[in-house]
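The transmembrane segment annotation in TrEMBL covers 12-40, 60-83, 104-123, 143-162, 174-194, 206-226, 233-255, 261-281. Per TrEMBL, the feature domain 'CAAX prenyl protease 2/Lysostaphin resistance protein A-like' maps to 142-241. Annotation comment: TrEMBL describes 285-311 as region 'Disordered'.
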Amino acid sequence: METGPENSVRPFFARHAVLLFYVLVLALVLLLGVLVNAFLGVTGTGTAPSTPADLSPAMYGVAVLAGPASYTLAAVLTTTLAFGAAGLRDLGARLIRWRVGVRWYAAALLTAPVLMTTTLLALSLTSNAFLPGIITPEDRASLLVAGLVAGLLAGFFEEIAWTGFAAHEIGRRHGVLVTGLLVALPWFVLHLPLWVPADTGTVPRALSVAAIVPWFLAYRVLMVWVYTHTRSVLLAILMHVPITASGFILASPAMVGVPDVVYNLILGAALWILVAAATAADRRTPAARRGPDRSGVPLEGGGPRRGTREP
């Protein structure tokens, strides 16, 4: 039986699937930047908007979703090249997997909102700058809906890529902590344009960005931990929602400079405590109960399992 070009190339792509994914993400993001600059040139503006407020609502929506959509495209392309139709079916199955324990829904839906709100309310005892943003506006319902819609859309596109592909494949070879960090670092770098704040003059911009790193990394590690135990991309999408929605619902215009740094550092410390607690809980759980993939859920499709060979 002859081996076609597709069958001869696919094992190579499967062995280097994660690298291929990251290369495609970088290429698509760069292409997106070129297209944006070309669009600005055609429209005659010549320069990129300095703030989201400079964009129309429609353009802002496109700008917010373009990046996550490119990550999803990279994941789908890589899965197709490396694992074919079987890999796509497996990704789809994990995307709609909802039959998991209630405690995992609680972990996904409540971790960020509870910690963020508790931290802000505690700090608000020292300064009104920490009051959650949703307390002051009159149109709270619109703010809440906007945050949830943005969170669901961003979470859907991002987590197909970062959890459904990257964490799934990296997790075959590494534990939760290493997998979380290997996913979180490029994830953070790609989000830098969103996280770099305007210079307030009170805190160096580098310090403001550095203060975000601890909680950003810790939260991704927790997302990987939940995924490892559930193999549910749907749950990862739900867990992503609060970190996007918080920008609409909890962020306060007054929380800039020192208050922003303090909040991010305290939130990061709290999340790393949760990471330590999750790690300790896993160590107390017998390996036989967790299963060989540390999840209790059989691995399906995707790349070859550890200890197996390509046919």
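Glycine is treated like the rest: Cβ placed from N, Cα and C.
Each residue of the domain 'CAAX prenyl protease 2/Lysostaphin resistance protein A-like' (142-241) gets a DSSP state, and the totals for helix, strand and coil are 83 helix, 0 strand, 17 coil. For the domain 'CAAX prenyl protease 2/Lysostaphin resistance protein A-like' (142-241), the mean pLDDT of the prediction comes to 92.
Tallying C-beta pairs under 8 angstroms between the transmembrane segment (206-226) and each of 104-123, 143-162, 233-255, 261-281 places 261-281 first. Taking Cβ pairs closer than 8 Å, the transmembrane segment (104-123) reaches residues 130-132, 219, 222, 226, 229-230, 232, 235-236, 238-239, 242-243, 246, 250, 259, 262-263, 266-267, 270-271, 274 in its own chain, all 6 or more past its ends.
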